[in-house]
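As recorded in TrEMBL, the features of this protein are as follows:
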type     : residues  : note
TRANSMEM : A:14-33   : transmembrane segment
TRANSMEM : A:45-65   : transmembrane segment
TRANSMEM : A:71-88   : transmembrane segment
TRANSMEM : A:95-116  : transmembrane segment
TRANSMEM : A:122-142 : transmembrane segment
TRANSMEM : A:163-184 : transmembrane segment
TRANSMEM : A:215-237 : transmembrane segment
TRANSMEM : A:249-282 : transmembrane segment
TRANSMEM : A:294-313 : transmembrane segment
Amino acid sequence: MKSTLTDKVPLRRIGQYGIFLALVLICLVLALITPKFLTVPNLTIIVTQVSINALLAFGVTFVIITGGIDLSLGSMVAVTGVVAASFAHPDTYPLVVPLAMGLLAGVLIGAFNGFVITKSKVPPFIVTLGTMTIGRGLALILSKGRPISNLSDTFNFIGGGKVLGVPFPILVLVVAFVSCSVILRKTVLGRYMYAVGGNEQAARASGIDVSKVKMWVYTLSGGLAALAGIVLTSRITTGQPNAGVGFELNAIAAAIIGGTSTSGGTGTMAGTLIGALLIGVISNGLDLLNVTSYYQQVAMGVIIIGAVVLDSFNRTSAS
Amino acid sequence: MKRLPITILAATALLGTFFTGCNRGDESGSKLTVGVSMLSMQNEFIVNVSDEMEKKAKELGVELVVVDAERSALKQVEQIESFVAQQVDAIIMNPCEVEASSPAVTRALAANIPIINVNSETKTQPTAFVGSDDVESARIAMRYIAERLGGRGNVIMIHGYMGQAAQLKREQGAREILQNYPGLKLIAHQSGEWDRSKSMSLMENWIQSYGGQINAVFAQNDEMGMGAVKALTAAGLKDKVVVVSIDAIPDALDAVKKGTLDATVFQNAEQQGARAVETALKAAKGEAFDKQVLIPFELVTKENVAQYLK
């Protein structure tokens, strides 16, 4: 077990390096084409925009490392956003209430995913596909199909406020990144995640409580999705029941671009962050260059495939 | 949730044919049933239209069975087919697609059940149409921008989902007006997918590339208009840029009152819903009715917003 883990580490590093190079390369090209790209305000905007996808991507990285998948992310963004917004009207509850209720909603849905997956042995793809629909329905039921607006200024600070010139979502992103990296790299739970994803049978044989690890990753994913939902709701100052449609795909893409293998057992938070930044930079760059919507979608796909191909090319040449 | 009533109705209809096959005629004096298939109950405006229909139906003593097509034309056609099978007295359809929802109209007409399209159109001619002309809403919005800018300036347009009927029509209307004002220049246009956060990000990026050059923004719905307003406000540019959008959702009306959104175009959900039910009822009873009921759009600015705020 130990030996396969350490064997994979240098390979992962190189892979991550490759995707980092791709990011730098695209930034350089954009900086050369348009002077508007490499400015502090623009880079700040990119990171702010990326924060929501990155939070979701961190959660799904845990899940994918254990060999699972979470398709309910986008719906969880909607439910948690709607729940938080319901408690965030001015002069009703103190700020902790909408935050706690939103997080609780995400954690509960995540734990539900983990519970069904570990108890029933139904593939995570199917379980979280079900939760995706349930979540969307819940968001519509709770909001009666209408956006929940008129939120307090303190709540709106989370998505729109600045601390010492730094937008608050960026601070949330940094704290989440550091925490997730620590969980993954420095804790027993993190090591178990790699073990479960690398070889579930072997992990079980070596005494790891596989079900417990899985409960943890889906719950973490739910909690991070709630954080994303709260940031999004605060950013647009409304709880939208139809928010977050398709968000899971961008989050999964960020993790995979960042070197997390869909077969489980590999992946880092740094890689995922770079993957999310790459998607954000491309989207921003294409807007700056005023590329029309039709071409944007094609260009985005081509660049994502290109980045991953470059990455796998790097890996094979290294080994 | 919305599927429960239809299942029950289907079951009762089935039972009805078995046990009380000839009872239908005896019931002619009692409640008429109208089947309603809506584009998407995740859209606030559509939900409003549906609520207004229920209200009107209650008032007129009509039984309404509302189902949600969830933006799928296929599903919608199936829903209409089951309405036909249940022999409802009339059908109201809020079409998902111009072409793909057309077979639903054909099925209903073939079964001699009047079908009324509400809010948007199908290629096949229904019994009657109740709604507004989307092209006109964009003309109104863009004309307001032209007036505010004195016919000169740089305009940005935020589209809905590319290729949808509402997007195509609102783009058409906006471009018609732009052509009449050579001083107005469309410097950028992009899809905000009808979504507030997507449109906010788009606007943030445009502020980086165009900054102070932007004089006006036309967003094809209020959600996206609100997103643009948020981005412009954060960048301290809102006072210099005119933002206009369409639909007059409550959030947008609040924003117009506060002066952050310059104008929105009111599409009358109440009238559309109520007139659709009235027309369906007339058609079902064989009374005279208008084949085309056009509900006019209204421009909402700070001056007249009070009358729209409930």
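Just so you know, glycine gets a Cβ as well, placed from its N, Cα and C.
Of the ranges A:71-88, A:122-142, A:215-237, A:249-282, the one with the most Cβ pairs under 8 Å to the transmembrane segment (A:95-116) is A:215-237.
Highest Cβ pair count under 8 Å relative to the transmembrane segment (A:122-142), across stretches A:71-88, A:215-237, A:249-282: A:71-88. If one looks beyond the transmembrane segment (A:163-184) by at least 6 residues along the same chain, the residues whose Cβ comes under 8 Å of a Cβ in the stretch are 44, 47-48, 50-52, 54-55, 58, 61-62, 65, 157, 190, 193, 220, 224, 227, 231, 235, 268-270, 273. Beyond the ends of the transmembrane segment (A:249-282), by six or more residues, the same chain brings 8, 12, 15-16, 19-20, 22-23, 26-27, 30, 46-47, 49-50, 53-54, 56-61, 64-69, 73, 177, 180-181, 184-185, 194, 196-199, 299-300, 303-304, 307-308, 311 to within a C-beta distance below 8 angstroms of the stretch.
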